[in-house]
């Protein structure tokens, strides 16, 4: 049997798995125990569902046992009905009505409360995971694809819900039914029941082998589903690039490859699931057949010809023995659900246990002038050194442009200023205070960011501009920010003005319009330090001119750190910092650097883009 199971291939495809970094996987029992602890506050739902299941199963088992007294006492000699047996039959009828009523009540109670428990588990886990994602460091999102993370939030939680609802109720309900049927079998014939116990260890061995196979298959399926989600999300997000570069077939092949692997894993799970029940049924049928031979041979005592097995006990025993196959089958099937849930639980707890963004500071600055000092800053991604000994002094109100070739460390530097990453050496001071000594919330409250790749939300213009502000923002404030960002003119022309939904990531707007909405958002926040990753190289001349005017309006009232790509930006900057290979190689004003004839001169002559 083990060889048959081993033929179901369990090879993994080396796909990305969020829990792949866990060197020692927690044991199934520990994971399941922790899973139940997550919903311990819902114990009353589980208790009521369990009580309902017990009533349901006890009523079912009792009705099977009624076969015994009905056959033994409900009929007179020769199979006829006597006055006494008629009374017994009527009592049995009343008893069956009562048992059916108990069964119905138990069914409703168990299904209602276990369904409620399942929905509460979905709600709790998705809420906890989403809340956790809000506090995870940038390194987490660098390591894991969007599709993988979304798959964990949606698909994995559904798998866990099955374990805490369907699986639990099946274990309790069918487990109770099995116990009840075993009691019926022992009461009907303890001799035959003892014989059936022999099969227990064989079933246990078979199920333990199946458990391991299911767990491996489930883990592979969880991972491959994440890859499918990621590829689909990537395709939808980048549909323009895919079509322009004629990569439809390549992207389709990538998606189909991941889908094929997921399909193969699911088919293997189905095959293993389909194999489990027939094997158990074959074992059980062989035992029942052997029992019949035993009864035929040893069913009577040699002395007086009396039997240790009456017609009623025989019928109730075999009715119970036949009925026990279905709950046993259900209990073996629930193993599939549990193993899927265990694999899903690993990834969910991986996210929930992932170290949050480090909060190293406790200080808070109520007001900031905007002086930024960078001293001997060094940083590396693993073995790859990105910044080395960077020192820059930025006075309040200055506009400092960072220029350099791609990969010179400009964007990484701004990420460290925002503390999305923490430097390995050196320090960054904000008004003389090390940024690591400030709370993350306080530090970031003094910063505004306008990204090269503008990020807008599928919401109204108003909500995008007032995004993140804890105070109430009036329409007048939003309109003022739009005017200063040279955006109010086109917003007025939208169907609902500032209350117009702009689509996914501002898809209903042009590139220049999206830039200006982003600038208006920074204007409304009015932070003393602005980080601007310039992207005007992607705009037409008119849009560039309007965005430049909006940027000038924004930089008048704050310290501005610009990752510059345009000549007009560097020409007007108070200071230019030239970076190469993660180091500052030149620093000064535009004309001074041109006269030096170094890297800046070459970048300037090439247009800086």
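Cβ coordinates come from backbone N, Cα and C, glycine included.
Because the structure is a prediction, the values reported are computed rather than measured.
For residue 405 (ATP binding site), the same-chain residues that are 6 or more apart in sequence and have a Cβ closer than 8 Å to its Cβ are 580, 603. Residues or ranges marked as ATP binding site by Swiss-Prot on the basis of sequence analysis: 404, 405, 406, 407, 408, 409, 410, 411.
Residues or ranges marked as domain 'ABC transmembrane type-1' by Swiss-Prot on the basis of sequence analysis: 47-340.
Positions annotated as domain 'ABC transporter' by Swiss-Prot: 372-606.
Residues 92, 95-96, 99-100, 102-103, 105-114, 117, 168-169, 172-174, 176-177, 180-181, 183-184, 187-188, 312, 315-316, 319-320, 323 of the same chain lie 6+ residues outside the transmembrane segment (47-67) yet bring a C-beta within less than 8 angstroms of a C-beta in it. Residues annotated as transmembrane segment in Swiss-Prot: 47-67 (among others).
Beyond the ends of the transmembrane segment (88-108), by six or more residues, the same chain brings 51-60, 62-63, 66, 69-70, 73-74, 81 to within a C-beta distance below 8 angstroms of the stretch. Marked as transmembrane segment by Swiss-Prot on the basis of sequence analysis: 88-108 (among others).
Residues or ranges marked as transmembrane segment in Swiss-Prot: 167-187 (among others).
Annotated transmembrane segment per Swiss-Prot: 190-210 (among others), in sequence order.
According to Swiss-Prot, the feature transmembrane segment maps to 279-299 (among others).
Within the chain carrying the transmembrane segment (305-325), a Cβ under 8 angstroms from the stretch's Cβ atoms is held by residues 60-61, 64-73, 177-178, 181-182, 184-185, 188-189, 191-193, 196, 280-281, 284, 288, 291, 295, 299, all 6 or more beyond its ends. Residues annotated as transmembrane segment in Swiss-Prot: 305-325 (among others).
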Statement: The sparsest Cβ environment within 10 Å, among the binding-site residues 404, 407, 409, is found at 407
Message: Same chain, not part of 404, 405, 406, 407, 408, 409, 410, 411: whose C-beta falls within 8 angstroms of the C-beta centre of the ATP site? Give them in sequence order.
response: 579, 580
Query: Taking each of the binding-site residues 406, 408, 411 in turn and counting other Cβ atoms within 10 Å of its Cβ, which one has the fewest?
result: 406
- prompt: If you run the three-state DSSP split on residue 404 (ATP binding site), which class comes out?
  reply: strand
- prompt: In which DSSP state, out of helix, strand and coil, do we find residue 409 (ATP binding site)?
  reply: coil
Message: With Cβ-Cβ distance below 8 Å and at least 6 positions apart along the chain, what are the contacts of residue 410 (ATP binding site)? List them in sequence order.
response: 402, 403, 404, 563, 579
